[in-house]
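K.L.:
Quick one: this structure, given as structure tokens, is what I'll be asking you about.
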Amino acid sequence: MANNGQPPRRPRPGPWPPAPDPTPAPAPLSWAKRTGFKGRVSGESNASNSGQIALPRPKEPGSNLDLEAGSRDNVATPLPPPPGAAAAAVAVNGEPENRAGGGGGGAVPLPADQTARKSRDSDGGNKSAGSGPNGQVVRFDEPSRHRREEETVTLPQLEEDEEGFPSRQVHIKYELRDSPGLVPIVFYGFQHFLSIIGSLILIPLVLVPAMGGNYEDTSALVSTVLFVSGVTTLLHTLFGTRLPLIQGPSFVYLAPALAIINSPDFQGLNENNFKHIMKELQGAIIISSAFQAIMGYTGATSLLLRLINPVVVSPTIAAVGLSFFSYGFTQVGNCLEIGMMQILLYLRKIRIFGHRIFLIYAVPLGLGVTWAITFLLTESGVYNYKGCDINIPASNTLSAYCRKHVPRMKHCRTDTSHAIKSSPWFRLPYPLQWGTPVFSWKMAIVMCVVSIIATVDSVGTYHASSLLVASRPPTAGVLSRGIGMEGISSILAGLWGTGVGSTTLTENVHTIAVTKMGSRRAVELGAVILILLSFVGKVGGFIASIPDVMVAGLLCFMWAMLAALGLSNLRYSETGSSRNSIIVGLSLFFSLSVPAYFQQYGLVPNANSSVPSYFQPYIVALHGPFHTGYKGIDFVLNTLLSFNMVIAFLVAAILDNTVPGSQQERGVYVWSEPEAARREASMTRDYELPFKVGKVFRWVKWVGL
């Protein structure tokens, strides 16, 4: 504007051409560095192409909002400032905001990334602007106290190297090849397994009662699971992917195991139900595990990788957790005050001496606190009902008062089990301890299909954990080698008789990110400790004596976390894309709707009153819609299509590979190239087999480094 009616003074022209600026232009920043993004689920940056950080594209002036790709410009491109301007107005979410600019006539406003960084470095109470997970500009205004509290639960952030791959992790205390010393490594190894103990003990606590076993059988099966988990974890860290991943009984195998247990072939058994059904499960697991090992070591997994992307992995794993909703609260409701108290303990941010130990030891501490309170209630007589005996079946009780309260006594009291007293101090699990396996082709086919779902689960876990602890994601050969070793591990699980196959537990990613411990040696030492504990029979007896309602409360938490971890794989893709949202939504919807159709088709009410209501979905072979005249084919089709995870995988895989979408939008997994891996010494040390075993496999290119 003119001052006092006088025209504005023109600036004195400088020399022409202008002298070149000696300061070099800053290198373009990656998306994670430019936005300061920190992963909230498992610590990785929200990188496109699942690990390969894409540099921001130059935006044309006036570019429009891209709703399909879920992105928008971070900051509106500022116009050149007028001479003598002291500040530049930058539009943030449509509102102008003053930014610090240059004081001279030729001052240039700060770049968007530097402006956001400067704002973040200022006082915590000041308003600043940054970019959200998909590039949208957001405004945040948090006190410094809240920010510090948030940083305690913020999971590790990745740094990127010149090639765009995530490199060294800032917040991981010990990475893959680090060795913190003897005393810390013992502590961290035991901590790693203790934080994931719920996944190791829950399946025996569900399977044995469904198979007609007693507390002694549960105690023996728990000891067997601990032994096999320790052995297979050692094998995987030595000869598999060599990532610090715990192997154990997977919830992926739980649904097919329950379907086999409730098949019509076992409805008429009266004696030795547990051992007879266990031998059938062993035969099916051994055959399916051999199929998985062949698929891995022949390189067939590389063909499957073309179908496995984050948009496929997310609903598949989420469906595993959501498929058991009929079991969770159905059991918790039998003793509501105990079950809900346990679930709420898992959600509380309890601090002891300033440490959020419940964040790491949620499962063992939640069980311990709930058990102590339940024990006090039992000893104080809260669950004593006059004239009622818990050892007398409810069907033989004449009093309506006792018929009402005896089930409550069984679920709420801590003294109903005699597993600790009856368990021996020393027990050595051994192969074929339940008898010779029985092989059935129809049950083996069901398990073979489920092993493919387990492979999908493991692929997502390999990728996420490698971004946390390793220098690079593994090659396709290392991944195939890991799947082959999982097949061998499941063969061992079938020989020892754990009831389900052994695979990489999805909870590993959450455990590594929360404990900040990615040392391979710590996990190996923890596996040795787990093997030694399996020899103590009282440990299995102690776990077998956990009240049913506490088991159900823990299952509610574990299955919910499994569903959340599955959906967290979407961070590798464009989460704001309508394409991805529709595919995931349809996959989850049909994974619940289609099995419900199969499970209710032709169902006669009260026809199977001997089977608990929460096991009704797994007896679909008796009344499914397929009736081809061959009972074996009917069993396979009706059973497989009643599994939520199978439907989710089929729908997601078909839609993701047929609906058009770019690789960045789909978030296609990017694995390291073998040639680059051999040239990089750090990656060779991460994934190369020990004891010069790798030389034997050099001629097998599809499973080598």
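Cβ coordinates come from backbone N, Cα and C, glycine included.
Just so you know, TrEMBL annotations never went through curation; they're auto-generated.
Copied straight from TrEMBL:
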REGION    1-164  region 'Disordered'
COMPBIAS  13-27  compositional bias 'Pro residues'
COMPBIAS  43-52  compositional bias 'Polar residues'
COMPBIAS  85-95  compositional bias 'Low complexity'
COMPBIAS  115-124  compositional bias 'Basic and acidic residues'
COMPBIAS  139-151  compositional bias 'Basic and acidic residues'
TRANSMEM  185-208  transmembrane segment
TRANSMEM  220-239  transmembrane segment
TRANSMEM  284-305  transmembrane segment
TRANSMEM  317-336  transmembrane segment
TRANSMEM  357-377  transmembrane segment
TRANSMEM  438-456  transmembrane segment
TRANSMEM  525-544  transmembrane segment
TRANSMEM  550-570  transmembrane segment
TRANSMEM  582-598  transmembrane segment
TRANSMEM  635-655  transmembrane segment
K.L.:
Among 185-208, 357-377, 438-456, 550-570, 635-655, point out the range having the most Cβ pairs under 8 angstroms from the transmembrane segment (284-305).
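P.N.:
Comparing 185-208, 357-377, 438-456, 550-570, 635-655 against the transmembrane segment (284-305), the winner is 438-456.
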K.L.:
Under a criterion of three or more Cβ pairs within a distance under 8 Å and sequence separation of at least 6, are the transmembrane segment (550-570) and the transmembrane segment (357-377) in contact?
P.N.:
yes
K.L.:
For the transmembrane segment (220-239) against the transmembrane segment (185-208), do we get 3 or more Cβ-Cβ pairs below 8 Å once near-sequence pairs (under 6 apart) are dropped?
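P.N.:
Checked: the transmembrane segment (220-239) vs the transmembrane segment (185-208), in contact.
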K.L.:
Should the transmembrane segment (185-208) and the transmembrane segment (438-456) be scored as in contact, given a threshold of at least 3 Cβ pairs under 8 Å and pairs 6 or more apart?
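P.N.:
No, these stretches are not in contact.
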K.L.:
With an 8 Å cut-off on Cβ pairs and a sequence gap of 6 or more, do the transmembrane segment (635-655) and the transmembrane segment (317-336) reach 3 or more such pairs?
P.N.:
yes
K.L.:
Are there residues at least six beyond either end of the transmembrane segment (317-336) with Cβ under 8 Å to its Cβ atoms? List them, or say none.
P.N.:
206, 251-252, 254-255, 343, 407-408, 411-412, 453, 456-457, 460, 506, 547-549, 551-553, 555-556, 559-567, 569, 587-588, 591-592, 595, 613-614, 616-617, 643-645, 647-649
